[in-house]
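Database features (Swiss-Prot):
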BINDING   76-87, 275-287  NAD(+) binding site
BINDING   Arg94, Arg104, Arg132, Asp217  substrate binding site
BINDING   Asp217, Asp241, Asp245  Mg(2+) binding site
SITE      Tyr139  site 'Important for catalysis'
SITE      Lys185  site 'Important for catalysis'
Amino acid sequence: MTYNIVALPGDGIGPEILNGSLSLLEIISNKYNFNYQIEHHEFGGASIDTFGEPLTEKTLNACKRADAILLGAIGGPKWTDPNNRPEQGLLKLRKSLNLFANIRPTTVVKGASSLSPLKAERVEGTDLVIVRELTSGIYFGEPRYFNNHEALDSLTYTREEIERIVHVAFKLAASRRGKLTSVDKENVLASSKLWRKVVNEVSQLYPEVTVNHLLVDACSMHLITNPKQFDVIVYENLFGDILSDEASVIPGSLGLSPSASFSNDGPRLYEPIHGSAPDIAGKNVANPFGMILSLAMCLRESLNQPDAADELEQHIYNMIEHGQTTADLGGKLNTTDIFEILSQKLNH
């Protein structure tokens with residue numbers, strides 16, 4: 001079997017961190033004996049510059065045919081037209097591929113706790129995964145309107161939308177430490193009352209998973225005071241958007257956090273959570289770890305290469321533990337250095 005991968009370098013530092021990661025993929029495929037082919041397509045601001053829109057039909061169709069999609073980063077101050085922004089291409093891609101589930105791991109590895117803004121003893125050993133519903137909720141609810149006197153956003157969830165994201169979270173928890181925290185605002189929101197009811201019903205299908213309910217404000221505090229207590233956390237869209245960013249600073253840098261977005265069938269999208277950082281683009285100083293860890297997620301989830309994913313992650317964690325990092329993590333290496341060291345480790 002030959003896996004079909006679509007590469008979307010995007011904007012800013014996106015091309016340099018993605019291209020370097022693809023060089024690692026070539027080494028890994030030879031080492032673990034699997035085949036793949038790459039289609040490169042412009043996306044986001046780069047696509048606006050070339051084609052006048054952030055996501056062309058050609059690129060979208062290629063993504064629909066793919067086994068996996070790797071995205072570098074998109075956006076930047078260059079693209080200011082509110083009706084034609086790079087981010088609109090990502091929203092369209094998510095909707096077209098029905099990418100309803102967003103998965104964000106947060107890990108604080110041994111020796112890296114000093115990077116965190118929190119006390120080392122509070123964060124070392126943190127290993128949690130956030131599951132965020134991505135295509136419903138207040139960002140997509142209707143009706144919505146805005147005028148000079150009043151504005152309205154609608155927070156709507158159906159039973160089916162809640163069930164599908166909750167099943168993802170339960171399955172993930174069952175494969176890890178067997179603990180799921182469901183976050184809502186059940187004390188005031190009707191949508192959260194339905195959310196909690198559905199979670200409790202679905203929990204009957206997963207007796208091996210222990211379920212805990214937290215109100216969103218309490219969860220925001222517990223993420224800071226005791227992040228090690230969490231295994232898998234599931235959120236609706238708005239809560240997940242906010243609190244996944246809170247969780248991402250626990251390791252000390254956005255550059256350490258990968259993510260995956262997927263549907264029940266079809267290709268999955270893998271990308272680091274950081275932005276395009278146009279101020280450092282082309283300077284060879286970008287931290288590529290988030291992109292490389294996203295590649296590891298792709299290896300595990302879409303390319304059926306769990307051993308390769310484990311090896312790649314362990315090499316990264318070992319480098320971080322020994323201070324082999326870029327400047328944002330306190331190290332002295334540049335982007336190229338990171339890829340060269342990882343290439344040597346993988347070839348060893």
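Glycine residues also receive a Cβ, built from the backbone N, Cα and C atoms like all the rest.
Features as recorded by Swiss-Prot, highlighted on the structure.
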{"residue": "Gly76", "record": "NAD(+) binding site", "Cβ neighbours (10 Å)": "21"}
{"residue": "Thr80", "record": "NAD(+) binding site", "Cβ neighbours (10 Å)": "8"}
{"residue": "Asn84", "record": "NAD(+) binding site", "Cβ neighbours (10 Å)": "14"}
{"residue": "Arg132", "record": "substrate binding site", "Cβ neighbours (10 Å)": "26"}
{"residue": "Tyr139", "record": "site 'Important for catalysis'", "Cβ neighbours (10 Å)": "14"}
{"residue": "Lys185", "record": "site 'Important for catalysis'", "Cβ neighbours (10 Å)": "18"}
{"residue": "Asp245", "record": "Mg(2+) binding site", "Cβ neighbours (10 Å)": "14"}
{"residue": "Gly275", "record": "NAD(+) binding site", "Cβ neighbours (10 Å)": "15"}
{"residue": "Asp279", "record": "NAD(+) binding site", "Cβ neighbours (10 Å)": "10"}
{"residue": "Lys283", "record": "NAD(+) binding site", "Cβ neighbours (10 Å)": "12"}
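Between the alpha carbons (Cα) of Arg94 (substrate binding site) and Lys185 (site 'Important for catalysis') lies a span of roughly 26 Å. Between the CA atoms of Arg104 (substrate binding site) and Asp279 (NAD(+) binding site) there is a gap of 25 Å. In this view, the densest Cβ surroundings among the binding-site residues Asp217, Asp241 belong to Asp241, judged by other Cβ atoms lying within 10 Å. For the Mg(2+) site, the Cβ centre of Asp217, Asp241, Asp245 serves as reference, and the other residues of the chain with Cβ at most 8 Å from it are Val216, Ser220, Tyr235, Leu238, Phe239, Gly240, Ile242, Leu243, Ser244, Glu246. Geometry remark: Asn84 (NAD(+) binding site) versus Asp241 (Mg(2+) binding site), CA distance 22 Å. The most densely surrounded of the binding-site residues Arg94, Arg104, judged by C-beta neighbours within 10 angstroms, is Arg104. Note: the Cα of Lys185 (site 'Important for catalysis') and the Cα of Asn287 (NAD(+) binding site) are spaced 36 Å from each other. In three-state terms derived from DSSP, Arg132 (substrate binding site) belongs to an extended strand segment. Cα of Asn287 (NAD(+) binding site) to Cα of Asp245 (Mg(2+) binding site): a distance of 18 Å. Asn287 (NAD(+) binding site) is surrounded by 27 other CB atoms, counting those within 10 A of its CB over all protein chains shown. Binding of substrate is attributed in the record to Arg94, Arg104, Arg132, Asp217, and the widest Cα separation among these residues amounts to 28 Å. Comparing CA positions across the recorded positions Arg132, Tyr139, Asp217, Asp245, the one lying closest to Thr80 (NAD(+) binding site) turns out to be Tyr139.
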